[in-house]
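Working notes, beginning with the structure itself.
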Number of protein chains: 2
Amino acid sequence: MEKKKQISMAVIRRLPKYHRYLRELIKNDVDRISSRELSEKIGFTASQIRQDLNNFGDFGQQGYGYNVKELYNQISYILGVNKEYKTIIVGAGNIGQAIANYNFEKSGFHLTGIFDVNPKLIGLKLRDIKVQDVDQLEEFLKENSIDIGILCIPKNAAQRICDILCNNGVKGIWNFAPVDLVPSKDVKIENAHLSESLLTLSCLMNS
Amino acid sequence: MEKKKQISMAVIRRLPKYHRYLRELIKNDVDRISSRELSEKIGFTASQIRQDLNNFGDFGQQGYGYNVKELYNQISYILGVNKEYKTIIVGAGNIGQAIANYNFEKSGFHLTGIFDVNPKLIGLKLRDIKVQDVDQLEEFLKENSIDIGILCIPKNAAQRICDILCNNGVKGIWNFAPVDLVPSKDVKIENAHLSESLLTLSCLMNS
């Protein structure tokens, strides 16, 4: 169960979707499912599914299919959703506020601090957390063990904040700023570049 | 210039990033760039870049590199950023409000209507647009030619709204609801599944 192979980035990107579909199956009391049936639901080919899920051990048996609960547990483990994370948001503008109010708590992501540079936002309360001056970020990070920094700031400020986060124990950055950050140490970056997602849509509409 | 090959989804997903880097190069008065130099900036391999950009015609010349402006224009054309789009937002909660306040206008995406089911939100003004009752959505779509519907609603309501959009002339859906929609006709869907992006980050942090 606990063994971990090196899993490719392409597979990692598909895992949350598997996770979501398996959770639905459990809700609907489905105990097992074949790669063909899963394929019809999730939209990947059956062969792609078998190849992907092969990474995590022997959950599929010919003629039996996958044990839904076991597979879900294993994918949860690989996704790290069985853990708890302390998060902070830097940038309390539109996106920052939306993320603050989005309920990620139930998935184990606990919002612990919010920072901004704008005096009009400092002191504002979002979900009982007061927005602090970004000048206090470094001290806050030194006093609290924060796992994830969520960057919702303009691109010009992003690398500087990224550096502060990397140098003060943060392990992952969820980056909404439209820029590619260069992390130091072994900090992981996941971009949520909304403009690029919208351009992908307009590209699809024109192709 | 105008020829269009079938471009793979993997390349389409990389195009907005090329677009962003090329825009920066133009800002910095760079006229041409080799695949090797571009590789150092953008993080794809030089061979990947040559292969990707080969899709769009002969912009690269051995020993000369790419003509930045021409390549930028061609990618802009393929992304459809030279066009204007009328958009509506369905769901004026946290994410919907953030998207409404995000400045996509300068990229040609013009917000034309906002809809919600919540009486507390109906009548609220976001960027001079009054939130309307979602019951008026269908009529609005019949009277206005809308290109893109932006769904910021709970998953349970999403397919029903998707059907209304698809049946009333919308050509693309930008979907923030954590569910895979089944479009009718030739409507394109681009998902912005924030929870899945966050799970990708926790997965990377645990790998």
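Note that Cβ sites are derived from N, Cα and C of the backbone, with glycine treated the same way.
Database features (TrEMBL):
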{"type": "DNA_BIND", "residues": "B:17-56", "note": "DNA-binding region"}
{"type": "DOMAIN", "residues": "B:80-180", "note": "domain 'CoA-binding'"}
{"type": "BINDING", "residues": "B:Gly91, B:Ala92, B:Gly93, B:Asn94, B:Ile95, B:Gly96", "note": "NAD(+) binding site"}
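Per DSSP, the secondary structure of the domain 'CoA-binding' (B:80-180) breaks down as 33 helix, 29 strand, 39 coil. Residue counts of the DNA-binding region (B:17-56) by helix, strand and coil are 30 helix, 2 strand, 8 coil (DSSP-based). Proximity to chain A (Cβ-Cβ under 8 A) holds for B:Asn94, B:Ile95 out of the binding-site residues B:Ala92, B:Asn94, B:Ile95.
Taking all protein chains in view, 24 other C-beta atoms sit within 10 angstroms of the C-beta of B:Ile95 (NAD(+) binding site).
Within its own chain, B:Gly96 (NAD(+) binding site) has B:Ile89, B:Val90, B:Ile114, B:Asp116, B:Ile150, B:Cys152, B:Ile153 as residues 6 or more apart in sequence whose C-beta sits under 8 angstroms from its own. Around the Cβ of B:Asn94 (NAD(+) binding site), the number of neighbouring Cβ atoms within 10 Å comes to 18.
Listed in sequence order, B:Ala100, B:Ile114, B:Phe115, B:Asp116, B:Asn118, B:Leu121, B:Leu124, B:Leu126, B:Val131, B:Cys152 are the same-chain residues six or more apart from B:Ala92 (NAD(+) binding site) with CB atoms under 8 A from its CB.
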